[in-house]
Amino acid sequence: MNIFDKMANGWEISKLSFRVLKANKSLIIFPILSGISLMVILGTFFFGIVSAYGWDFGNIDLGSSNPLYKYGLIFICYLINYSVVVFFNMALMHCAKLYFQGEEVTVAKGLAFSSSRIGAILSWSVFAATVGLILKIIQDNVGWIGKIITGLIGIVWSVATFFTVPILAYENGTPWEALKKSSQMMKEKWGESLGATFSFGLMQFVAFILLLIPAFLIGYMNVFAGIAVGIIGVVLIAATFSALNSIFVSAVYNKVRNDIDVHLNDSMFDTLFEAK
């Protein structure tokens, strides 16, 4: 399959994900809940730090004089971020699986499923936060070479962890085993075809550009109204494409496991999994 076939296939899968989201509009609530939860939890965390310093912002030390304190805070932030994001992504992916199998889809079912897998979520979050912290330490202490190294490792990490959320959801094993399974699945079943990811990225970019037009026109008449339109638009676009990406991951993973009964075009996925 050449690059143009991959792009065309990615576009088709992108449209499939749009159809799933259109049929289950409530799925967009998961990325929104994820964002709100992150803001509340991290806000509470930093509120506690500020309170501990008696609201004296000038004396707040976030680790400039103590590396252990600094990296401890960074690890906690990473841990919170991974835990919240994976929790809601898993809930969304489970709802997508229910839809693919022709079952009733509700937000409550997704949240209940993620809650039942909280142990796996936390284990992965600790593992991922540790990896993130190691990369951060390298980046901070090895100069520009460290930034290049961590940048490359970050790309590899993003590709290798593509299927980790559904693997954590439906398979038992350690975080390291989930990473290995995800990497193997990416290599054997999806290869280097990133057509859908490119399609989502392109569509998201176009959506942001189109948002600027009404936001600018409204802002010309009323600055605050323009800002409000811009913020709401950005949130909705980001939530939409986050949901689409999770739907795509769920579709591909469950197709590999033959857990899909309805709503999918078999020939399209057979082409996607063609040997490279």
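Using N, Cα and C of the backbone, Cβ positions are placed for all residues, glycine too.
Annotated transmembrane segment per TrEMBL: 27-53, 73-92, 118-138, 144-169, 190-217, 223-248, in sequence order.
If you look at the transmembrane segment (118-138) against the transmembrane segment (144-169), you find at least three C-beta pairs under 8 angstroms, all six or more positions apart, and that counts as contact.
Long-range Cβ contacts of the transmembrane segment (27-53) within its own chain (Cβ-Cβ under 8 Å, at least 6 residues beyond either end) map to 20-21, 59-60, 62, 73, 76-77, 80-81, 84-85, 87-89, 91-92, 95-96, 105, 107, 110, 235-236, 238-240, 242-243, 246-247.
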